[in-house]
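> I'd like to ask you about the structure that follows.
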Amino acid sequence: MSYPNHCSPSSFILTGIPGLEDAQFCIAFPFCTMYFMAVLGNITLLLVIRTDLSLHLPMFYFLSMLAAIDLILTTSTMPKLLSIFWFRSHKINLEGCVAQMFFIHSFSMVESGVLLTMAFDRYLAICKPLRYSTILTGPIITKLGLSATVRGIAVVTPGICMVANLSYCSPRVIHHSYCEHMSVVKLACGDTRPNSIYGITAATVVVGSDSILIAVSYMLILKEVMCLSSREARLKSFGTCGSHIGVILLFYTPGLFSFYTQRWGRSIPSHLHILMADLYLLVPPMLNPLIYGMRTKVIRERVLSLLWQ
């Protein structure tokens with residue numbers, strides 16, 4: 001397939017979904033619908049939490065962070081992706097590509113950190129209820145959010161700088177819908193092993209440590225919940241934690257699949273890998289407000305009251 005835009009020395013061509021070029025125009029419609037739902041859902045969640053004083057609690061502050069991150073992740077990719085699918089606008093300059101890469105990878109790491117803090121929040125609420133309000137004070141919540149943000153940016157920035165300083169060969173065609181790290185690195189001339197090693201090490205260490213700590217938190221929570229005498233209390237605890245576990249699986253499963261198949265999944269069809277990578281940045285942000293909103297009575301009632309006003 002030929003592309004209408006010609007590559008300049010400071011630009012790249014994004015192909016979209018290799019092998020599904022003829023279907024991309026139709027694929028864009030469900031993608032646009034999901035993007036609209038993600039933006040609407042997360043903005044609604046932020047507004048409801050901001051305006052309802054009864055929701056000014058640690059759990060909902062962390063949920064606000066998650067909603068803000070999801071808005072950044074989807075908005076950094078979907079407008080360009082839709083322009084590729086609908087208007088064949090495949091060209092992206094080097095600066096735009098690097099910026100997109102930075103937002104995708106750094107805020108994916110930030111989201112992993114926020115999910116870890118949410119697991120810590122549930123652990124304190126269920127296992128240490130008497131100390132919950134004294135531990136998770138306003139300053140501590142702010143420090144946890146800032147720590148997750150600083151860590152994500154600090155880990156990703158060196159890799160992005162390495163990519164920006166590479167020399168690229170022609171043709172500069174990125175076989176992806178957005179500027180994913182390894183898809184861009186593959187176009188570089190010369191030795192790219194430092195980039196590959198740094199990328200895989202950083203992601204494995206951060207995501208691996210977060211996943212282990214989240215698993216430990218929920219093992220301790222499960223142990224505590226099983227000791228509760230009240231069946232109603234057990235069901236309430238399982239319901240609250242079940243929503244969070246669902247969000248965690250929704251975030252990590254397609255993300256890890258996309259990350260590792262980009263490096264070693266040569267037997268996996270490229271269009272399947274790219275579709276999973278696209279949905280990874282779209283489906284969790286769309287479903288997170290629904291999962292938390294529908295399962296949280298206060299948020300559900302507040303949204304319904306706004307709709308019926």
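Placed from the backbone N, Cα and C atoms, the Cβ positions cover glycine too.
For 41-292, the entry in TrEMBL reads domain 'G-protein coupled receptors family 1 profile'. What TrEMBL lists as transmembrane segment is 27-48, 60-82, 102-124, 144-168, 197-221, 241-260, 272-292.
Walk me through where these features lie, including what they touch and how far apart they are.
Sequence-distant contacts of the transmembrane segment (60-82) (same chain, at least 6 residues past either end, Cβ-Cβ under 8 Å): 14, 16, 28, 31-32, 35, 38-39, 42-43, 45-46, 49-50, 89, 92, 100, 103-104, 107-108, 110-111, 114-115, 117-118, 121, 141, 144-145, 148, 177-178, 247, 278, 281-282, 284-285, 288-289, 292.
Within the same chain, residues 12, 61-62, 65, 94, 98, 101-102, 105-110, 112-114, 116-117, 120, 181, 184-185, 187-190, 192, 194-195, 198-199, 202, 206 sit at least 6 positions outside the transmembrane segment (144-168) and bring their C-beta atoms closer than 8 Å to a C-beta of that stretch.
Panel annotation: around the transmembrane segment (241-260), residues 66, 108, 111-112, 115, 118-119, 122, 126, 180, 203, 207, 211, 214, 218, 221, 225, 273, 276-277, 279-280, 283-284, 287-288, 291-292, 295-296 of the same chain, lying at least six beyond its termini, place a Cβ under 8 Å from a Cβ of the stretch.
Within its own chain, the transmembrane segment (272-292) has Cβ neighbours under 8 Å at 16-18, 20, 31, 34-35, 37-38, 41-42, 44-45, 63, 66-67, 70-71, 73-74, 77-78, 81, 104, 175-178, 180, 243, 246-247, 250-251, 254-255, 257-258, 261-262, 265, 299, counting only residues six or more beyond its boundaries.
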> Under an 8 Å Cβ to Cβ limit, what residues of the same chain, 6 or more beyond the ends of the transmembrane segment (102-124), are close to it?
58-59, 62-63, 65-66, 69-70, 72-73, 76-77, 131-132, 135-136, 144-145, 147-149, 151-153, 155-157, 159-160, 178-181, 203, 206-207, 210, 213-214, 217-218, 220-221, 240-241, 244, 247-248, 251-252, 255, 281
> Across the whole of the domain 'G-protein coupled receptors family 1 profile' (41-292), what does the mean pLDDT come to? Round it, please.
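Overall, the domain 'G-protein coupled receptors family 1 profile' (41-292) comes to a mean pLDDT of 88.
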